[in-house]
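Annotated active site per Swiss-Prot: His137, Lys158, Arg243, in sequence order. Sequence annotations record features per position, and here Swiss-Prot assigns ATP binding site to Gly152, Asp153, Ser154, Gly155, Val156, Gly157, Lys158, Ser159 based on sequence analysis. Residues or ranges marked as Mg(2+) binding site by Swiss-Prot on the basis of sequence analysis: Ser159, Glu202. Swiss-Prot lists 264-269 with the feature region 'Important for the catalytic mechanism of dephosphorylation'.
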Amino acid sequence: MLKLDLKERDSLDLRCIAGHHGLANPITISDLNRPGLVLSGFFDFVAYRRIQLFGRGEHAYLLALLEQGRYGAIEKMFTFDLPCCIFSHGITPPEKFLHLAEPSSCPILVTRLTSSELSLRLMRVLSNIFAPTIALHGVLVEVYGVGILISGDSGVGKSETALELIERGHRLVADDLVEISCVNGNSLIGRGVHKSIGHHMEIRGLGIINITQLYGVGSIRERKEVQMVVQLEEWNSSKAYDRLGTQELNTTILDVSVPLIEIPVRPGRNIPIILETAAMNERLKRMGYFSAKEFNQSVLKLMEQNAAHAPYYRPDDTY
């Protein structure tokens, strides 16, 4: 039904009590539905493609229907291709309900979580699964808590820069091909495309190296939010590079704007240290302090003070 890793399965605490043969039912939408209106007999609009969540209220109404022998709404509900039904609070539905659900191949699941907890966790899991995704060439690293996507042409030194950052205590998320998903509409989460080979790096002249084995598990991360893109490029003497840092560049990934820094590469430049400084500077910006603008304002203020104390004429002026 859902491709969940061990951590996600544990967080949902789901167990199937009926309809095991329907566990392969596809889930095609990330929204949830509370089937109160359907149980009351309103079928003009049925959100049948959504996971059906039964809380205490729906369970109490369900018991009332079954005690009165009113099975029509329940039977009609199961004529739709429901992906699954989940009962929260550890509630076990009555046997009659399970019997009515059996022919429809609809899995009946139970969790100990409350309805609110289940909704929040399911929405988080489903948002990650159904998030729009793109694969980009580059290296994703975490530097001082900032997720930096290092991009650039082949051979410009992306992997070598990332390797030096790892040596300096920072962490690798993915090398060569980074899978980026847009979660909740404004958060870009990056990870390796293949978990089994995600923390390997290719270094020209050295070959493939295993970062986990060489530097330990503290040198890697499974995923990280992309908070900055650093574009490495060969030094172009005819190009005017920003030397003050007052020009803020941005790039767009999956319709989300991300700060962009263009760093020219040439012999003698210590790119890893520049990236460390860029990461700390980005953190300062997020805290409301912009070094370049502060410097620019200080210079303008100094010029105004000097202008105020300057004489209106020089003694040697002649008329």
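Glycine is treated like the rest: Cβ placed from N, Cα and C.
Everything Swiss-Prot records as a feature, shown here on the structure.
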| residue | record | contacts (Cβ under 8 Å, 6+ apart) |
| --- | --- | --- |
| His137 | active site | Ser151, Asp176, Leu177, Val178 |
| Asp153 | ATP binding site | Glu233, Glu234 |
| Ser154 | ATP binding site | none |
| Gly155 | ATP binding site | Arg204 |
| Val156 | ATP binding site | Leu232, Glu233, Glu234, Val265 |
| Gly157 | ATP binding site | Leu232, Val265, Ile271 |
| Lys158 | active site | Gly138, Val139, Ile150, Ser151, Gly152, Leu232 |
| Ser159 | ATP binding site | Val139, Asp175, Asp176, Met201, Glu202, Ile203, Arg204 |
| Arg243 | active site | none |
Secondary structure content, the region 'Important for the catalytic mechanism of dephosphorylation' (264-269) (per DSSP, counts of residues):
0 helix, 2 strand, 4 coil
Find, for the listed binding-site residues Gly152, Glu202, the residue with the lowest Cβ contact count at a 10 Å cut-off, counting only other Cβ atoms.
Glu202
For the region 'Important for the catalytic mechanism of dephosphorylation' (264-269), mean pLDDT (0 to 100):
87
Using DSSP and three states only, what is Lys158 (active site)?
helix
Other residues with Cβ within 8 Å of the Cβ centroid of Gly152, Asp153, Ser154, Gly155, Val156, Gly157, Lys158, Ser159 at the ATP site?
Leu232
